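Q: Feature annotation from Swiss-Prot assigns disulfide bond to CYS55-CYS304, CYS109-CYS289; the stated evidence is similarity to another entry. Among the features that Swiss-Prot reports, N-linked glycosylation site is placed at ASN78, with the record citing sequence analysis. The phosphoserine feature in Swiss-Prot is assigned to SER186, SER196. Here Swiss-Prot flags 440-462 as repeat 'LRR 2'. Here Swiss-Prot flags 464-486 as repeat 'LRR 3'. If you look up Swiss-Prot, you'll see 511-532 marked as repeat 'LRR 5'. Annotation source Swiss-Prot lists repeat 'LRR 7' at 562-582. The repeat 'LRR 8' feature in Swiss-Prot is assigned to 586-607. Taken from Swiss-Prot, the feature repeat 'LRR 9' applies to 609-630. Per Swiss-Prot, repeat 'LRR 10' is recorded for 634-655. The annotation repeat 'LRR 11' is assigned in Swiss-Prot to 657-678. As annotated by Swiss-Prot, repeat 'LRR 12' applies to 680-701. Residues or ranges marked as repeat 'LRR 13' in Swiss-Prot: 703-724. What Swiss-Prot lists as repeat 'LRR 14' is 726-747. The feature repeat 'LRR 15' is assigned by Swiss-Prot to 749-771. According to Swiss-Prot, the feature topological domain 'Cytoplasmic' maps to 1-25, 141-261, 329-803, an assignment based on a curator's inference. What Swiss-Prot lists as topological domain 'Extracellular' is 47-119, 283-307. Swiss-Prot lists 26-46, 120-140, 262-282, 308-328 with the feature transmembrane segment, giving sequence analysis as the kind of evidence.
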Amino acid sequence: MITLTELKCLADAQSSYHILKPWWDVFWYYITLIMLLVAVLAGALQLTQSRVLCCLPCKVEFDNQCAVPWDLLKGSENASSNSGLLLPLPLRIQNDLHRQQYSYIDAVCYEKQLHWFAKFFPYLVLLHTLIFAACSNFWLHYPSTSSRLEHFVSILHKCFDSPWTTRALSETVAEQSVRPLKLSKSKTLLSTSGGSADIDASKQSLPYPQPGLESPGIESPTSSVLDKKEGEQAKAIFEKVKRFRLHVEQRDIIYRVYLKQIIVKVILFVLIITYVPYFLSYITLEIDCSIDVQAFTGYKRYQCVYSLAEIFKVLASFYVILVMLYGLTSSYSLWWMLRSSLKQYSFEALREKSNYSDIPDVKNDFAFILHLADQYDPLYSKRFSIFLSEVSENKLKQINLNNEWTVERLKSKLVKNSQDKVELHLFMLNGLPDNVFELTEMEVLSLELIPEVKLPAAVAQLVNLRELHVYHSSLVVDHPALAFLEENLRILRLKFTEMGKIPRWVFHLKNLKELYLSGCVLPEQLSSLHLEGFQDLKNLRTLYLKSSLSRIPQVVTDLLPSLQKLSLDNEGSKLVVLNNLKKMVNLKSLELLSCDLERIPHSIFSLNNLHELDLKENNLKTVEEIISFQHLPSLSCLKLWHNNIAYIPAQIGALSNLEQLFLGHNNIESLPLQLFLCTKLHYLDLSYNHLTFIPEEIQYLTNLQYFAVTNNNIEMLPDGLFQCKKLQCLLLGRNSLTDLSPLVGELSNLTHLELTGNYLETLPVELEGCQSLKRSCLIVEDSLLNSLPLPVAERLQTCLDKC
């Protein structure tokens, strides 16, 4: 037998799902319990009470009905007097029935004559109740829905109990209490100083978000910081909410299952209300039982009594009332689901009241679950929404970040870079720790692979900050921070992971002198938008661009006329149009790297103030235009390295002011004698070519300090090379030298000598005369050092070890 506890479990879901049950689900639950009690009571009465009592056998039948003998006799006399006939009375067997015969008749009449509704009424009530209970709890146990609901309830309880939720709600209450005070203060300021109001209004017009600043005289009630454990727990909840939302918002299976449950309930309600009242009239107290058992008892018809008829009528009527209440609430819930947009849930009201204005609206099953939770208690959705807000998550990340990155840990990251500046390099963090602004000695701040960085007003504490590097990171600058950067920042390096637009705050850095942009999008045609931006960078002197362009952007040539250095790395894409270079008359240094240039652009020859030209990693095969460089009287540095140049034109001798010449990594086989007319040369790089000899005329380069012919095919060095007394760096590695002239000892200023990769067998003793040569700067095989006489080797070793 099914116990009451087991029946209760069928009608009630797990208690953990109570927050997902609206008031009608609770109402259904209690009605279902009462229905179960009705079914159990009716079943118990039917099992314990006598079913049918057949105590009165019918001895006389008249007109196919049971009649009392004298009534039958009176009727017969009337009939005979009218017809004139005398009907004989039927004869019957006169004997009493045994108790076993009565029991037999009871059983036969119960099975054959009692209406089926009266017999199965308790079971029908039980069946209906079980169907109602199953429909109410099916969505809680169906695998596709129960897993999502269980996950949601688990997360919701964690959100409700998290200290971060309490902190966030407290911040909202605190800010709402502070706002009236701020408004009253602002009205007072507006009434007393109209000029300052205009200034504030102009600042508000900038297209950047205002920072959330607290009033100095009011202490925030949420100033307490979460400990590390609580912060990690809140962080885990944020991740769970993200994954849950991504998973649940894709489908609406919970909504559809819940809707189908209610539709089944309404259909069952209509069915019960239709047939139960109709068959209720078949439950009668008296039953006329006509059965063919006359051979056993002597009677054919019996007058029976169904003792449970009246109480079953009462229970059935009460059951109908319960079903009507159940059906009406089911109809209301169906109307609620069809009327409302339950697949969309908006936090608009909450966004207006709280300081988390970025709480997103949700859809599908996620929205439906929140609607159900609102029917139970709207506070659950409010607390849950805290973990949907990116602003809230960023605040938590900031707190966790501050706990992890203390001042001591940040100070240990400070280093001196190659420019002898104090630099802090932060890599792959969740944000910018607040303790960074305590490092007042920092000069360079480098941020790499940090998804969201916000520079608050506290950046003004970095009084020595002059350089900012932002690599593959998103940087948002507050107004007070922007004002500080405008006055102090001199160098800015921006590198984007994907092609992106230049942040608007860059154009407000009026004192910026060097700007390095990698992976940004610059329009090739001038527009009013960029006209308003670039023209404010009046102090910009150096611009580095790394992108794929077909022409030099017009915003650079037209809006930055005072630019002195322009570097363009085109990443191998062909740079077609260069005519607009003529406008940059103040340019002193020009770098066109990886632009797939086949010839030297003629527009370069109009840059009269040009000092340095770098055409590295292009596709230059000939440089016949080199004669035109004589129109650039200030040109002192020419870099044509990493190309496919086969020869140097004789006209190079016209570049009398040339001081540095880079021709490495080409296909040059010989040097023209006119090259040595460039007597001002002090840096000459001819490494990685196909040279076989060096002309004796190199002696005319009396100012030569750096000479590199690494990785060539040179077999002998001219004596004229050793007449370059100012030579400091001599790179002769990976050639075919078999002998080093003793004249090398005359290079008293030599500090760096490379000889490795040749066919030398000994080193000249005269190396001892190179007083400035250090051991770390002598690149030679150890076996050659051992070939020197011992006194010379020891003396040279002693001199070299002083480095």
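The backbone N, Cα and C atoms fix where each Cβ goes, and this holds for glycine too.
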Q: Give the residue counts of the repeat 'LRR 3' (464-486) per reduced DSSP state, in the order helix, strand, coil.
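A: Split by secondary structure, the repeat 'LRR 3' (464-486) comes out as 8 helix, 8 strand, 7 coil.
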Q: Who are the chain neighbours of the repeat 'LRR 9' (609-630) in space, where the CB to CB distance is under 8 Å and they lie at least 6 residues beyond its ends?
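A: Same-chain contacts beyond the flanks: 567, 585-600, 602, 636-649, 651-652, 654-655, 662.
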Q: Using DSSP, how many residues of the repeat 'LRR 12' (680-701) fall into helix, strand and coil, respectively?
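A: For that range the per-state counts are 5 helix, 3 strand, 14 coil.
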Q: I need to check the long-range neighbours of the repeat 'LRR 15' (749-771): which residues 6 or more away from its ends have a CB within less than 8 Å of a CB in the stretch?
A: 705, 710, 725-743, 777-781, 784-785, 787-789, 792, 795-796, 799
Q: Enter the number of other CB atoms within 10 angstroms of the CB of CYS109 (disulfide bond).
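A: By my count, 23.
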Q: Find, for the listed disulfide-bonded residues CYS289, CYS304, the residue with the lowest Cβ contact count at a 10 Å cut-off, counting only other Cβ atoms.
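A: If we count Cβ atoms within 10 Å for the disulfide-bonded residues CYS289, CYS304, the smallest count is at CYS304.
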Q: Are there residues at least 6 beyond the ends of the repeat 'LRR 3' (464-486) whose Cβ is under 8 Å from a Cβ of it, and what are they?
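A: That would be 203, 206, 208-211, 421-422, 440-458, 492-497, 503, 505, 508-511.
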Q: Averaged across the repeat 'LRR 7' (562-582), what pLDDT does the model get? Just tell me the whole number, please.
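A: Mean model confidence (pLDDT) across the repeat 'LRR 7' (562-582) is 88.
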Q: Counting by DSSP, what is the helix, strand and coil composition of the repeat 'LRR 10' (634-655)?
A: 5 helix, 3 strand, 14 coil
Q: Round to the nearest Å and give the CA-to-CA distance linking CYS109 (disulfide bond) with CYS304 (disulfide bond).
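A: It is 8 Å, counting Cα to Cα.
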